[in-house]
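Reviewing the structure listed below.
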């Protein structure tokens, strides 16, 4: 693990262990406050209440096995092999209980993959996505928020709107980064209410949804609800706006890429940065959200999840490298519809995590899982044969170009060439990052190169997904599960 055995912080593994120590030994009212027993500068809790409750449950089990694992103060930096096995087991159990069942049920409920073989290959590709494997089990994160969001999508695909709302509220109360997905959920459900008519069934559904959301949040925040100071302190921990656009690492978003040319954080204040990022993010996701509200469809909803999450990743305030997973998981949901572009995106998203993976000592794991994932997608979907305008859902767009349609005849060959060029570039940069020391005058050369190359890819993907959404004919995607 990154930081293992290195005081004073010991890395992300220690963050998860420390939260267990804090939640088990301190009263709830102290979990998010700076006290002599809870130094917020040392991995203070900065996720919503459900993460804290989950940490408490894990700590309770840890205490039964070995009290030293969660002993207040004295357990800091604890890294024994039995404890590592315990912590890895907690992630695996979370996978087994929440994430993996959601993926399998989702794939088997897709109408066009009703054949069990197709459904199982779709599930296999999603579960073998290297980004999530490397981050959850290598960088040490829990997959619960993404798993709950998948359950929410699954519920909505069966018209279980209230249950889906509960699942998404739980996801949001586990990790605030689920805000990346919140607008598509809101717009899709609001669009359904409009469609049913706001004077009849639509109004009833809207009232039920509002009540469900309020009750879900109230249940999650109940222990903090009696004190306004408690709620405000938790919110301050969840959204620390004073840190500026990005942290210490090279993230593949627009602000970090632009910082190669101009140091934005030295030119404008954090408050102005916040306003600027909000404006650009809002404008970039507005078209997809309007389309989804006016023409709600499951297919549009899934594509909007991708587009909006990618807009947040590229343009929003304070982005971490691993936030790309919030885009990748919705991309996994449409891998059966656009296997070529989905596979390409998932490979780029894993590549964008390379600097983080190298810090974690996960080079070998990256070098094994990424080609394996590509091989499975090639075998399962024959992706290189699915590069026509129709396969890429660009038929309607190509027809709208009229005079330029002839260009689309060579489109499949151009797209395949770009894909192979992209793979080559990512391969070369991966080898250079791992094997060649950077020049002394440019110590961050390779991380910056990875970030900029990934960012350029993501900008093109954002344009592509928005074209697919906006040129989607009105009658498409109205099937039960598309």
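The backbone N, Cα and C atoms fix where each Cβ goes, and this holds for glycine too.
What TrEMBL says about a protein is an automatic prediction, not a curated fact.
Quick look at what TrEMBL lists:
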TRANSMEM  85-108  transmembrane segment
TRANSMEM  120-142  transmembrane segment
TRANSMEM  148-172  transmembrane segment
TRANSMEM  202-224  transmembrane segment
TRANSMEM  300-317  transmembrane segment
TRANSMEM  324-351  transmembrane segment
TRANSMEM  363-384  transmembrane segment
TRANSMEM  418-436  transmembrane segment
TRANSMEM  448-471  transmembrane segment
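Put simply, of 85-108, 120-142, 418-436, the stretch with the most CB pairs closer than 8 A to the transmembrane segment (363-384) is 120-142. Counted over residue pairs separated by six or more positions, the transmembrane segment (148-172) shares fewer than 3 Cβ pairs under 8 angstroms with the transmembrane segment (120-142), which leaves the two as not touching. Remark: the transmembrane segment (448-471) contacts the transmembrane segment (324-351), by the rule of 3 or more CB pairs under 8 A. Only residues 6 or more beyond the boundaries of the transmembrane segment (418-436), in the same chain, are considered here, and those with a CB under 8 A from a CB of the stretch are 340, 344, 347-348, 351, 354-355, 358, 363, 366-367, 384, 387, 446-447, 449-450, 453, 457. Within the same chain, residues 103, 106-107, 110, 112-113, 118, 122, 125-126, 129-132, 134-135, 146, 149-150, 153, 177-178, 180-181, 252, 299, 302-303, 305-306, 309-310, 312-313, 366, 369-370, 373-374, 377, 380-381, 383-384, 386-387, 391-393, 415, 419, 422-423, 426, 429-430, 450, 453-454, 457-458, 461, 464, 468, 482 sit at least 6 positions outside the transmembrane segment (324-351) and bring their C-beta atoms closer than 8 Å to a C-beta of that stretch.
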